[in-house]
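Residues annotated as transmembrane segment in Swiss-Prot, with sequence analysis given as evidence: 25-45, 48-68, 92-112, 115-135, 141-161, 170-190, 216-236, 240-260, 272-292.
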Amino acid sequence: MNARAESLPTVASDLISLTKPRLSSLVLVTAAGGMWLAPGHMGAVNALVTLLATAGTVGAANALNCYWERHSDQFMDRTRNRPLPSGRMEPAVALWFGISLAAVSLPALALGANVLTAALGLVALLSYVLAYTPLKARTSAAMLVGGVPGALPPLMGWTAVTNQMDVGGFSLFAIMFLWQMPHFIAIALFRKEEYRAAGLTSVPLERGDESSRAQVVLYLVALIPMTLLPFQLHIAGAWYLAAAVLLGLSFLGLGAWGFFRRLGNTWARQTFFFSLIYLTGLFAALALDRVPRE
């Protein structure tokens, strides 16, 4: 009995780790940002239920992803100690945990927000688990497919308030979609050999480092004008515009430096970490300089 009681915290910790809390928290911030920026009002209880249900949906997708990738995770330093590849948890537990979490979270999204937001959550879940995850072992285009569920949370936050998809919500979706590309290419560059050992493909493995660095620059060139849309749509004000331009040019400068100097893993890690600073700064500026709604 005592041994069983002592194991409960470990089991709980392992279940939580399946949801990838750090990734889920980042997604939750973007969903909350979409809710804050959307025109209209939402009650505090409904907003809380919506955010918790969004977190549950993301956690379910991550848990099912862990189930699917339990074999390849054994070959990567950052994943081999997860509950499934390490052998601490039976695969069936992770599978049913993910399914159960989704079964609770998606109806909660419909109740807390609306059916449209729940439908977007379902699209995010299915595209992440059934499309992006299996494609990772086959083609680098999986990155583009995975960009869709990764970009849906701010749109879900927007539709939770407005109950409609419009250009404002899609501008947030586009920003998140384009931001993910240099972010994930950077990871794939400095973890290239781990990807190879795990049997996964990526832009660097398929196209080479030079093409990968070039794609980072091209995606940043596309991202910068997209970040100006919230100002043009009167979602955010001039201070946001200044922050978006400054952050965008800084990010582009870092990308161009790596491309022209043909830099390697150190630059890729710097690009990865700056991408997190960039996204945090951009959404902070959006939140702080939100144009008041009447």
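Cβ coordinates come from backbone N, Cα and C, glycine included.
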Q) For the transmembrane segment (25-45) and the transmembrane segment (115-135), does the number of C-beta pairs under 8 Å, pairs 6 or more apart in sequence, reach 3 or more? A) no
Q: State the residues, same chain only, that lie 6 or more residues beyond the ends of the transmembrane segment (115-135) and have a CB under 8 A from a CB inside it; answer 'none' if no residue qualifies.
A: 50, 53-54, 57-58, 60-61, 64-65, 68-69, 102, 105-107, 109, 141-142, 145-146, 148-150, 152-153, 155-156, 159-160, 163-165
**Q.** the transmembrane segment (48-68) touching the transmembrane segment (141-161) per 3+ Cβ pairs under 8 Å rule
**A.** yes
Q.
Let me check one thing: do the transmembrane segment (170-190) and the transmembrane segment (48-68) come into contact, meaning three or more Cβ pairs under 8 Å with sequence separation of at least 6?
A. no
Q: Would you kindly list the residues that approach the transmembrane segment (216-236) from elsewhere in its chain, counting only those six or more residues past its ends and only Cβ-Cβ distances under 8 Å?
A: 37, 167-168, 171-172, 174-175, 178-179, 181-182, 185-186, 244-245, 247-249, 251-252, 255-256, 258-259, 271, 282, 285-286, 289-291
